[in-house]
Each structure stands twice: as structure tokens, then as C-alpha cells.
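Peer 1: Annotation comment: Swiss-Prot describes 12-337 as domain 'Protein kinase'. Positions annotated as ATP binding site by Swiss-Prot: 18, 19, 20, 21, 22, 23, 24, 25, 26, 41. The active site, proton acceptor annotation in Swiss-Prot covers 185 and rests on sequence analysis. Per Swiss-Prot, the feature region 'Disordered' maps to 384-433. Here Swiss-Prot flags 390-403 as compositional bias 'Acidic residues'. Feature annotation from Swiss-Prot assigns compositional bias 'Polar residues' to 406-433.
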């Protein structure tokens, strides 16, 4: 891994590399003007669209090294201070399908911008364009849900905390669906956490605006990918698991719902039920399609939780419960496991439920909806923490503070599959005048981008 010590991109000083994927690198950076931390994702300027996130580690590493070398050359030739233009975010947000044919790597950014106003979706602050890559400046958060579940055992002793985090994820995803965007890669690595255990959805690299997706089109990460996207022949093995012949397309939103079911198992049981929802490759999943009760044999599920999962993990996507129904049932459920701390979980009051699922932060009317931007700041975190009934608040904090970092209740372990990805989209204008403005903005942006590429072509060789 190449370290870019004392290297700057405009006013952002790179302090460390915190992630890598098939099409980009993620750095932690300090804004030297405000002394605030950000995450900067460096995305290669053009790549073939790969819909499956599970690219081999060797290929991911090879692509990362290639980009690192280009960045090293860029920093060297600019004496460690790269000055690049900031692209108008509104222009990117309103890019069309035709625009993406010219600049395919902007699809992910555009979709993300359309929903990043939700309080539980990572904010994009700037998009910077160089001849080597596009830099996306976003919120920085100290950890992700995978680390919190597996390494810190953070949720298995506190049912209220499970509800809080899961409902925030559902709220963010529901907001995306309402805006015609389907994430298609919901997994713990794409869910970040602040110091107050608020969760933030990120990485829209595989997202689509297509309401329906054809069966057997692999989009997502294997552990969380619904069966209809892996291997589907138009038949379902058992009527118990909701089986009947599917049509030629499957609802995109219901694929995200399946992923949420696996996430909820992760939060409560610290494991995945199977490695892949493919009858030919995974025996556990095969037996599940024959008899869904197998879940109660391999996981410590309460009857109520099993009943809920049976409505989510329907093999036929058209038979899955709605996201709104899922949110309501999670709010009212009184047990997740058949023993231990999660065997008794109080239902949420209406006010607390609404606070968790609200798309904006209503804890302080003087603060903007996205005041979560600086939640890594402990003072800001205290000012922005939610309020609830004393009993519920004490219940959440008790599970965080009382175990001094030592948490019990593990029933297995999750396997990691990380990566950065790529994407889809479309848009429309409400008037000819609006379309003209967007077209003019994009033309100027495209011209500037081409000038940058031509003047610095040696950097990409």
C-alpha cells in the first residue's frame, strides 16, 4: 500500500488509506481550513460495468495498485499539492442516461446525490475532477456495521439498539425507493456508524433506477444477494417458502428487502444463515427451500422473529412483505432470540419509532437536516443525540456501557466480502428551460473534463 504523506488535494490533506475496491480507493483526509475530517473516494474515470460486488481479491488489489501508481505520479508531478476543479453537484445530480454514456463513472455519484439529504445516508460535499480520477468528498465515520457486529459484538446484548440501527437502515432505504433508486448492495460494509450508533448508508455503485430486474442477473454481494439474482429457473421448490412460477422480471425493491432480512440476522445472531442463496451451491439454503423451519434449527430464533423472517425471506420475491410492514413489525416485536439478552425486547413507543425512521434530524430545529455531517466530533454528537422516554434511552445506553467492551452471545461469525463498485441511472427535466440549463452546465463540465484529460494525458500512461 502506497502512503501519500503530506499530499494534498486542494484543501484536503490525506492522512491515511481506509479502503480499496475494484474501481477505487478511499482515503481519510483533513480539511486544513476547518480542521474537520472527511472520506475521499478516488474513482477511476472509466470502467466496465460489473454488477457483482464479489470481485476476486487479486483483481481488486491489482486495480488498486494501478490507481495508486497513477496517483503517486500525479502527486509527484504536482509537488504533493494537486489543485483540481470542483464540479457543480446539481449538474451531476441531473445527468441523463446519455450523459453517462460519455462519463459512466458518474452514475454512482448522481444516484447518491439524489438521496443524500436523508439523515441516514452519507453526504457528498464535493466532487473534484483530475486527469487521473474523480475524487468524491464525503462524510467520514469511524467504523462500519461489519466491524461493530463481528469485532465489537456491539448489538447482541441490546435489543433496543438493534431496533434503532435497523430502523434507520430501513428508513434510508425506503427514502431511496420513494425516489426511484434501488441500492442492490445492502451489506454491513456499506453501512457506517458514528460515535452515537447512528447508521449511514453509502456506496451506490451498484444502484439502479430500474423498477424491475431480470432474473439471474447477479447484482450485489453473495451473502446478501436474493436468490432470484443468483440462479433462478422460473420455479420454486416449496409452496412453504412462497413458491410459484415467476414472470420475466423481479421487483428491484424486493431484492433490497431480502438483504435487509440477512442484515437483521447478522445484528441478532452474529452470523449468516448461508453463504449463498443458491440451491446448487449451498446445502443450508437448499434445505431452507424445502423446509423454512431449518432456520430455527441453525439459529437461536424466537417464534416471533422466525415468523417475521419467514415473511422477508420468501424465495418468490413477489411474496415478500413490504418495507413499511417490516418497519412496523420490527418496532413492535418483543423478542429476537429464544434465550439471552435479546429474548425480551420492549416495543417502541410511537414517538421513538417516528424519531428513528424520520428522514431528517428533528432533535434541534436550529440545525440543518444533515448536521450529522460532523458526528465524529464528540461535542456535536452529544448535541445531536436523539431524545426518548427515559426507560427506552436507558435501555439503549445500558447495552452500550455496561459490558466494558466484553460482549457475549455469539452464535457464529460473519465472513467479510468488501469492495467498491459501479452503477446505473436515468433522469428527466420538468421543463424545457430546466433541461436547457442542465445541458449547458453539463456541456461546460464536459469541456473542462476533456481539457484536463488532454493536458495531462501523460499521467495516465
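Quick reminder: no glycine exception, Cβ is built from N, Cα and C everywhere.
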Peer 1: What three-state class does DSSP give residue 20 (ATP binding site)?
Peer 2: strand
Peer 1: Other than its own, how many Cβ atoms are within 10 Å of the Cβ belonging to residue 26 (ATP binding site)?
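Peer 2: Result for residue 26 (ATP binding site): 22 other Cβ atoms within 10 Å.
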Peer 1: Between 0 and 100, where does the mean pLDDT of the domain 'Protein kinase' (12-337) sit?
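Peer 2: That region's mean pLDDT is 89.
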Peer 1: Please give me the CB contact count at 10 A for residue 20 (ATP binding site), counting all chains in the structure.
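Peer 2: Within a 10 Å radius of the Cβ of residue 20 (ATP binding site) lie 22 other Cβ atoms.
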Peer 1: Helix, strand or coil by DSSP: which one applies to residue 185 (active site, proton acceptor)?
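Peer 2: Looking at the DSSP assignment, residue 185 (active site, proton acceptor) belongs to neither helix nor strand, so coil.
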Peer 1: Quick check for the class: what is the C-alpha distance, in angstrom and rounded, between residue 185 (active site, proton acceptor) and residue 20 (ATP binding site)?
Peer 2: 16
Peer 1: In DSSP terms, helix, strand or coil for residue 26 (ATP binding site)?
Peer 2: strand
Peer 1: Near the Cβ of residue 24 (ATP binding site), how many other Cβ atoms are there if near means within 10 Å?
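Peer 2: Its Cβ has 27 other Cβ atoms within 10 Å.
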